[in-house]
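Taken from Swiss-Prot, the feature motif 'PTS2-type peroxisomal targeting signal' covers 6-14, and the record attributes it to experimental evidence. The ATP binding site feature in Swiss-Prot is assigned to 220-228, 359-364, Asp449, Arg464, Lys563. Per Swiss-Prot, the feature substrate binding site maps to Thr364. Per Swiss-Prot, CoA binding site is recorded for Gly472, Gly473, Glu474, Tyr543, Phe544, Phe545, and the stated evidence type is similarity to another entry.
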Amino acid sequence: MATIRRLQQTLSHLRPPKAPQLLSIVEGPTQPELLDITLGELLTLQSLQYGDYECLVFPWTGARWTYTDLKDEADRVARGLLAMGIQKGDRIGIMAGNCEQYISVFFAAARVGAILVVLNNTYTPSELYYALGHTDCRLLFLTPRIGRHSLEEVLAKLGPRPKEQGTSSALEEIIILRGQYSGFSTYEHVIQRGLPLPSHALQDREAELHSTDVCNLQFTSGSTGNPKAAMLTHHNLVNNSRFIGDRMNLTSFDILCCPPPLFHCFGLVLGMLAVVTHGSKIIFPSETFDPTAVLHAISDEKCTALHGVPTMFEAILSLPKPPNFDCSNLRTGIIAGAPVPRPLMKRLLEELNMTEYTSSYGLTEASPTCFNALTTDSIERRLTTVGKVMPHAKAKIIDTQGHIVPIGQRGELCIAGYQLTKGYWNNPEKTAEALITDSDGVTWLKTGDEAIFDEEGYCSITGRFKDIIIRGGENIYPLEIEERLAAHPAIEVASVIGIPDQKYGEVVGAFLALAADVSARPSDEELRAWTRETLGRHKAPQYFFVFGEEGVDRTIPVTGSGKVRKVDLRKIAASVLERRLAKTAAIKEK
């Protein structure tokens, strides 16, 4: 026995040492260097370099502005704001569809050191009043209508001068951004007020500004409680938008078609600012999302890039192509906001020529992009991951105790770097919950998203923690079920949620949009069998709901930025199941 023990000891010394386990923490490149300029300085620099190049095109208004046009118009509006007494740090609200005046106001506010509060187009009057009150806006730029959404109730209630009329404690004046409305000042009036100002007034104000000043409040699209307003700086936005454009290989010859709204980081930063930082051109096809207008813009303007969330691309691809449609110039763009189903990706490559599309991940609090694929990444990488971490950013994945997990293990994604918000406006409690400083003095943003890194640093988002379905103690991830269901020839789109269940805690429920050419919907059992062909039995949906049936609206509920509102789907599911139960009980009584 002693001889055997000695032999075992000898062999154990001969074995190679175990390789240390790699942890899920990554850092982005340190080049190119960060720019230390304000948004106003950025626009001045780009107008000097690209002055006569077209910058903004709005087919629906007829506007075609060069870089010089944009700079000059922003200066005129900025002088008007100074004449109206706007001080550094004052909040200015804006609620409108995509239009050229929106962008001139954005840069004008930045030039005078004001903080632009971008307001969601889908806000109800009460949501708008909350946002205005929470941020104490002094001015509000508004249009009486945004698409089919009327804001006349707001105009009637607040009046032209709300503070003076006693309808608001802080809001001094409402400005009509486009067109006219009886009794209200207009965008043109703002410009006229600035005409008498001395020529040096704007330069004097700009000399007081710094790149680390807050210039933008972006409300998060939270589904519970009041939304929080993330404070973003010039430094955040200038640099994040540069790096986004770099990941798409944008040049001054590129033309981006941008359906996402300007009130969201997707349209404002990934779209407009990414273009401005690269001397490119951007096309906003319509006031609000219109898939027909997008198709015309792609073809008529010879676009090389296209942005959107998956629901937008689904809508675009569901339409017949216009006569003489040409997308041969299209190569890249960003798909973000929600996971991309494999069948949709295949169609983007085959039907829209987006061979260099990039996947992306970000959130408002990070200005927004944290990860973005390269155009040279393989199709499989771009489909299954959101690429690698952006320059000058760090990312880690932690467990519930806050420890960094090994590579290949799921956990909560956290972000650090220059792009983090300064916090939530007037909300220190929520700021402290989201921004955590570690023992090394590094501040990390807890995203609330579950993710996984591979050994090369590619990141895959595996779900929102709040969307994960826990069935009998086992985690089920909606994305893989959605992808499997969407691969069925009869299904156009699938959205999966958790349904409360007495036995298992939660079970799987699936909302389906049927393909246009389907004559009869597949049975529930057929769809379960389809799911079980590639996924475990417990992942097959117990309940199915079809848009346009059983009182469910035909339209998929989405946020203003195009993300599916799963919180609404859960409410709809509860209502439908209640009706089904009542119907079953009535039949039994007979």
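Counting starts with 1 at the first residue shown.
A Cβ is built for glycine as well, from the same backbone N, Cα and C atoms used for every other residue.
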For Thr364 (substrate binding site), the three-state DSSP class is helix
By the 10 Å Cβ-neighbour count, the most surrounded of the binding-site residues Asp449, Glu474 is Asp449
Lowest 10 Å Cβ neighbour count of the binding-site residues Thr220, Asn226, Ser359, Thr364 is held by Asn226
Between the two most distant Cα atoms of the CoA-binding residues Gly472, Gly473, Glu474, Tyr543, Phe544, Phe545, the distance in Å is 25
If you measure between the CA atoms of Glu474 (CoA binding site) and Gly362 (ATP binding site) and round to the nearest Å, you get 28
Comparing the Cα of Thr220 (ATP binding site) with the Cα atoms of the binding-site residues Gly472, Tyr543, Phe545, the shortest distance belongs to Phe545
Nearest to Asp449 (ATP binding site) by C-alpha distance, among the binding-site residues Gly472, Gly473, Tyr543, Phe544, is Gly473
Across every protein chain in view, the count of C-beta atoms other than its own within 10 A of the C-beta of Gly362 (ATP binding site) is 26
Mapped onto three states, the DSSP assignment of Gly472 (CoA binding site) reads coil
Here the Cα-Cα span from Gly362 (ATP binding site) to Gly473 (CoA binding site), rounded to a whole number of angstrom, reaches 29
